[in-house]
Amino acid sequence: MSEACDELYNRVLDGSAVVHVSVKLFSIFIIIFHTPKEMRYLSFFLLNSMMWNFAANLIFVFIHLNPMYPAMCFRADGLIGYVDNELIAHILMAALFFCILNCCVAVGSVFHYRYIVFAFPDLTARVKPSSVFLLCTSIHLITAIPFAYFYIMWIVPYSDYPIKEELPSAGSVICFKPYGWEKNVTVDALFAVIFLSVCPSILSVILLLRSIKKKQGVMHKQLLEKQRNFLFTLLSIASIPTFVGGIPLMIAVVTAIQPHLPYAREICMISIVLITNHGSLYAIVLILAIRPYRSAAQLVLLSLPSRKVHQKVFVIRP
């Protein structure tokens, strides 16, 4: 691939970073300051997924992963490229995967929460928010710590890469073992986390729909319909990280498993661009899909031009 394509790839990621940071900060502001009282606890779970996504976007500001297939290596472009330090690049890449995996877990936890609150209201009334916070923190750590261990085992220094004829030229390049149990276990761990995030979430959705159906005749029909509609709203929101973020992630992992496939590098680069850009779409859909957030965002955005006009009038008034 030509240097012009690499340059375009990096400029696209630079532009995406500016958009992501702006959109995410605005969305986080709306969730924190404009959540209605009845949605306060749900907003913690929505904010959790948003913050992990935002953290991944911040890391992408500093490092652009440029696959160097067929070698199992990546060039660390972006701001980190000026440092040219393998250790720092590996730390950022590991932190990036830490955020991605925990974002998967956080998105799934929204549906677990909705099911438990609806099906077991007495239990949720007795549970303290601090206990839920500790549980979520523990799940995030349990998810990340084994993967971090396998990631470290998978690393190989550039100078020790076993297939020398495939090595790209030195300079901000980080490498992994191209074969062996370390690669297999790390990839399997990644797939396992995604699988264990998606399947329980689907189960929670099915159980929630079943609970709503069982309570027909017991609860008011309009209330049940409201619960069902809100569940479908959450599903539409979760479809963005699942399909726009998750599928490209799986494709990128497949290219890492088989870096000798035709156009593996180009496919991986396109997948990385999609992964980095799905977060803004996720934030926009979340704000637009939930009415209180949509109304708050509209008020905030409409108030910005009027403030500028008032400031100008104040300046020119004698």
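In case you wondered, yes, glycine gets a Cβ from its N, Cα and C as well.
Automated prediction, rather than curation, is the source of TrEMBL annotations.
Copied over from TrEMBL:
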- 12-33: transmembrane segment (TRANSMEM)
- 45-67: transmembrane segment (TRANSMEM)
- 87-111: transmembrane segment (TRANSMEM)
- 132-152: transmembrane segment (TRANSMEM)
- 189-209: transmembrane segment (TRANSMEM)
- 230-257: transmembrane segment (TRANSMEM)
- 269-290: transmembrane segment (TRANSMEM)
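Within the chain, the transmembrane segment (87-111) has long-range Cβ neighbours (under 8 A, six or more residues past its boundaries) at 42, 45-46, 48-49, 52-53, 55-56, 59-60, 62-63, 65, 74, 76, 80, 136, 139-140, 143-144, 147-148, 151-152, 155, 172, 174, 190, 193-194, 197-198, 200-201, 204-205, 208, 234, 238, 241-242, 245-246, 249, 275.
In this chain, the transmembrane segment (189-209) lies out of contact with the transmembrane segment (45-67); the count of Cβ pairs under 8 Å, excluding pairs fewer than 6 apart in sequence, is fewer than 3. Remote same-chain partners of the transmembrane segment (189-209), defined as residues 6 or more beyond its termini with a Cβ less than 8 Å from a stretch Cβ, comprise 97, 101, 104-105, 107-108, 111-112, 114-115, 118-119, 143, 146-147, 150, 227-228, 231, 235, 238, 242, 246, 249-250, 253. A Cβ distance under 8 Å defines the sequence-distant neighbours of the transmembrane segment (230-257), meaning residues of its chain 6+ beyond its ends; these are 49, 53, 67, 69, 72, 100, 103-104, 107, 110-111, 114, 183, 187, 190-191, 194, 198, 201, 205, 208-209, 212, 264-265, 267-268, 270-272, 274-275, 277-279, 281-282, 285-286, 289-290.
Residues 43, 46-47, 50-51, 53-54, 57-58, 60-61, 64, 78, 272-273, 276-277, 279-280, 283-284, 286-287, 293, 296-297, 300 of the same chain lie 6 or more positions beyond the ends of the transmembrane segment (12-33) yet place their CB under 8 Å from a CB of it.
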